[in-house]
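Peer 1: Below are the features listed in TrEMBL for this protein:
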DOMAIN    95-205  domain 'Fe2OG dioxygenase'
BINDING   HIS113, ASP115, HIS173  Fe cation binding site
Amino acid sequence: MVLLKGFVKPEDQIGMVRMCRQLGKGPGGFYKPSFKNGAKLNLWMMSLGKNWDPTLRSYGPTRPFDGAQAPTIPDAFKRIAQTANSTASEFPQINPDICIVNYYTNSGKLGLHQDKDESESSLTKGLPFISISIGDTAEFLFGDTRDQDQATKINLESGDVLILGGESRLLFHGVSHVKTNTAPSWLKEETGIRPGRINLTFRQY
């Protein structure tokens, strides 16, 4: 696991916020997902490249509930993710064909879980996923089990990139809470970003 602090340049963060807003308002944009039992996740989600269905825990070209096709991952997003991937040279390089964009309000959180719905080949090779944080700081948890009390806690700030691959690829991880009013002032001034946090996670199926 590698954490690249402040890796994403301010101008790129601004561009990502603006593009997420544009894509999020269109077909296949942000929605509030739910689990198989009907419980809603405490965040808003948008899938780029391929749609991820949290009820079936699988990927497909469209969303079952409205038939919307997953928007294409912007080239600028891929460039930033792949540059981060190259910087963390201990990991194999991926060609991301999936980007899950989560927007957490100040009350948003996500319980400890594993990202293991990618292909068997991707998981067996330990291909990394690349997580970019923009906006307010989040307290991020990770550990070998789903026990939150045993998890390690770190702060993910705007512009940070976290990469999990190899032996750490299937670590349990989640977000305990978002720290209010911690986004950079320049980001708020340039984008009018709402309170909360945008997280973009890139994967190769």
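Positions of Cβ are set from backbone N, Cα and C atoms, glycine also.
It should be emphasised that the depicted structure is a prediction, and the values quoted were computed from it without experimental measurement.
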Peer 1: If you skip the near sequence neighbours and keep only those at least six away, which residues in the chain come within under 8 angstroms of HIS173 (Fe cation binding site), Cβ to Cβ?
Peer 2: LEU112, HIS113, GLN114, ASP115, PHE140, LEU141, PHE142, GLY143, LEU164
Peer 1: Hey, of the binding-site residues listed (HIS113, ASP115), which one tops the CB count within 10 A?
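Peer 2: When each Cβ's neighbours within 10 Å are tallied, ASP115 leads.
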Peer 1: Looking only at the domain 'Fe2OG dioxygenase' (95-205), how are its residues distributed among DSSP helix, strand and coil?
Peer 2: 18 helix, 47 strand, 46 coil
Peer 1: An 8 Å radius from the center of the HIS113, ASP115, HIS173 Cβ atoms defines the neighbourhood of the Fe cation site; name the other residues of that chain inside it, in order.
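Peer 2: Surrounding the site, in chain order, are LEU112, GLN114, LEU171, PHE172, GLY174.
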Peer 1: Can you give me the average pLDDT across the domain 'Fe2OG dioxygenase' (95-205), rounded to a whole number?
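Peer 2: Within the domain 'Fe2OG dioxygenase' (95-205), the model's average pLDDT equals 96.
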